[in-house]
Amino acid sequence: MAKTSQKVRNHRPAKFSSREYTRCERCGRPHSVYRKFGLCRICLKELGHKGQIPGLKKASW
């Protein structure tokens, strides 16, 4: 879980555009964040299994 200071800092515009990075909106994780959903892989899987993300379904092939 990200500290509150990191979450607040992430919402401020960066001084340089190359310093901007994605962070999970739910838990604040900086790695493995899907831009389309704004969530990390762990939160995406949890919410997907609960059925809280419309249009998302488990793949089977």
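Cβ from N, Cα, C; glycine included.
Keep in mind it's a predicted model, so treat the numbers as computed, not measured.
The Zn(2+) binding site annotation in Swiss-Prot covers Cys24, Cys27, Cys40, Cys43. With a cut-off of 8 Å between CB atoms and residues at least 6 apart in sequence, the same chain places Cys24, Arg26, Cys27, Arg29 near Cys43 (Zn(2+) binding site), listed in sequence order.
Proximity of distant same-chain residues to the compositional bias 'Basic residues' (1-14), defined by a Cβ-Cβ separation under 8 Å and at least 6 residues beyond the stretch ends, is recorded for 20, 23, 27-30. What Swiss-Prot records for 1-14 is compositional bias 'Basic residues'.
Residues or ranges marked as region 'Disordered' in Swiss-Prot: 1-20.
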Chain-mates of Cys24, Cys27, Cys40, Cys43 with C-beta within 8 Å of site centroid, Zn(2+): Glu25, Arg26, Gly28, Arg29, Val33, Leu39, Arg41, Ile42, Leu44
Structural state of Cys24 (Zn(2+) binding site), classified by DSSP into three states: coil
Other C-beta atoms that fall within 10 angstroms of the C-beta of Cys40 (Zn(2+) binding site): 22
Summary of DSSP states over the compositional bias 'Basic residues' (1-14), given as helix, strand and coil counts: 8 helix, 0 strand, 6 coil
Candidates Cys24, Cys27: member of the binding-site residues with the richest Cβ shell (10 Å): Cys24
